[in-house]
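Have a look at the structure below, then the notes.
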Amino acid sequence: MKEAVGVHWFRHGLRLHDNPALCQLLETCNKVYLIFIFDGESGGMRLSGYNRLAFLLESLTDLDRQLRLRGGRLLTIRGKPTDALQLMRTEYGMTHLSFEQASGEGGDCEPVWAPRDELVRAWCDEHAVEIIERISHTLWDPAEVIEANGGEPPLTFSMFHQVAMSIGLPPTPEGDPVFRAGQLAVADPTRPHGHPVQASAPDCSVYRLTEFSNLTPLPFQLFDEVPPVSELSDLKPSPGEHKKRYQGGETRGLQLLAERVAWEELALSRGIVMPNQYCPDLLGPPRSMSAYLRHGCISVRRMYHQIQKAFQACTDAQGHSLSICVQLVWREYFYTMSVKNPYYDQMEPNPICLNINWRTDDQQLQQWKEGQTGYPFIDAAMRQLIQEGWIHHVARNATSCFLTRGDLWLNWVDGLRVFQEYLLDADWSVNAGNWMWVSSSAFENFLDTSDTISPVNYGRMFEPTGEYIRRYVPELRQMPTEYIFSPWEAPLSVQREAGCIIGKDYPCRMVNHEVVSRHNRKLMSKIAEQLGTCPPHCMPAGDAEVKHFFGLPGASLEDMLGGH
């Protein structure tokens, strides 16, 4: 009988814990190889800035380190997935292929990756390679949620939660994989499967393999170890006072998860629910797990159940609570809404998105991206995004509302592309869902555009000291707190004493928020009149859901409105 040789293909799910596809492969095959393919798609590489790519490579390096401690290694390959898999079949005798699945319909639930998965599935069928897929990137199977809702995605967040709860609680995470002695095989790129090979260039890890000896150049590149950013791209760290805050990888992710759960327990013991959302610390150590969830360095199921366990222990609650993990449920909702909608990140062909006549202004878009709007809280957030690859949920709300319906009236798709490039945690579906929601393009009816985020009041409400602005907008470091959120109001003598003249050392504000927000409300009112009735996909449950989304559990919506 032919030896069962398995290959686990890391895509999402860059971890060993709660990896059911890998566990099943280990139970099935006598010999197992583990690979990652730099195909320009996996790991969010379609559009990636330096920090995002560096986080991915750190995550892969951490995997490789863990595997080497167990006698294996991670083989990294650059090329098309089918070419890489052909290598594993001909050189190593692959009979089984496993990878994390995100939908019961097979492959990745996000339709943008469907062409890749269809090609791989067809290749496996052609070469009699058995596929092992297991769901572990989401709490629920999006396909099961849609089926339970009558074959269509639930159109509102409230409906989604009801349908998901009718299915049952998310499955508990599986245990760590068990590696039998000698089961992890080492793929040596310099001499695969014992065949002599010849490097095509003395300084390049591209090797002439037996099966591909007639191909010049080779259709793939093999690496001796996880490559640095410089071998994959000419991307450079962003200028500015770069403060690296997140280190990629399962090891660091699990450490942060333990710290996060302990922090949640402390908050719950004081009667505070969701402290990271409702009591954001914009200056403290990072507590968000979103980057690790996006790359699958930690299991969303492990995070969900650990936080629920902490909630039950601190409150004597018998059941699970939506509010304690509401952001994880929003993630699930956006994943499910994107199923079978390849245009989910676009406007005009997207069936759930209102086609709003946004303006086009490349100069203003660039000013917003570079943090040169003249509104310090907005600029601090955008500069942090470019420098560190992450900003808090409240900062994302403020910057996206400012770009779209709040102030500049620019297309949300342009903002999405900036976030997609720089955010460490930019899921294709979640990123697009957030942008459509905040720009009033979908998922929204109750929150009309009279409720726009003030670029002054919103930041002051969450971080009144101004230290967040001082950290990322150094021009304003000496500006008194009284004026730091609206420095144009500072008398010239105060500006001189602070060493920052507005219009010279720091830009004048691009627009007057009070004026443009009134104008934009009129534009949106006309759109509403033309529509007559709101499409069925634009219906949040009401005020409570709006507060959940914007992080305002006890405040009125007016707290974040108005201002300058």
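Backbone N, Cα and C define each Cβ position, glycine as well.
Unlike curated entries, TrEMBL annotations are predicted automatically.
Annotated features in TrEMBL:
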- Gln327, Leu328, Val329, Trp330, Arg331, Glu332, Tyr333, Phe334, Asp425, Ala426, Asp427: FAD binding site (BINDING)
- 4-139: domain 'Photolyase/cryptochrome alpha/beta' (DOMAIN)
- Trp358: site 'Electron transfer via tryptophanyl radical' (SITE)
- Trp412: site 'Electron transfer via tryptophanyl radical' (SITE)
- Trp435: site 'Electron transfer via tryptophanyl radical' (SITE)
Would you give the longest CA-CA distance, in whole angstrom, between residues of Gln327, Leu328, Val329, Trp330, Arg331, Glu332, Tyr333, Phe334, Asp425, Ala426, Asp427, the set recorded as binding FAD?
16
Near Val329 (FAD binding site), which residues of its own chain have a C-beta under 8 A away, given they sit six or more steps off in sequence?
Leu139, Phe157, Phe160, His161, Ala164, Leu322
For Arg331 (FAD binding site), the spatially nearest of the recorded sites Trp358, Trp412, Trp435, using Cα atoms, is Trp435
Minimum Cα separation from Trp358 (site 'Electron transfer via tryptophanyl radical'), reported as the residue among binding-site residues Gln327, Tyr333, Asp425, Asp427 that achieves it:
Asp427
Distance check against Trp412 (site 'Electron transfer via tryptophanyl radical') for the recorded positions Gln327, Tyr333, Asp425, Asp427, Trp435, keeping those with Cα within 10 Å:
Trp435
Give the residue counts of the domain 'Photolyase/cryptochrome alpha/beta' (4-139) per reduced DSSP state, in the order helix, strand, coil.
60 helix, 32 strand, 44 coil
Fewest neighbouring Cβ atoms within 10 Å among the recorded positions Gln327, Trp412, Trp435 goes to Gln327
Sorry to bug you, but what's the C-alpha spacing from Trp435 (site 'Electron transfer via tryptophanyl radical') to Asp427 (FAD binding site), rounded to the closest Å?
12
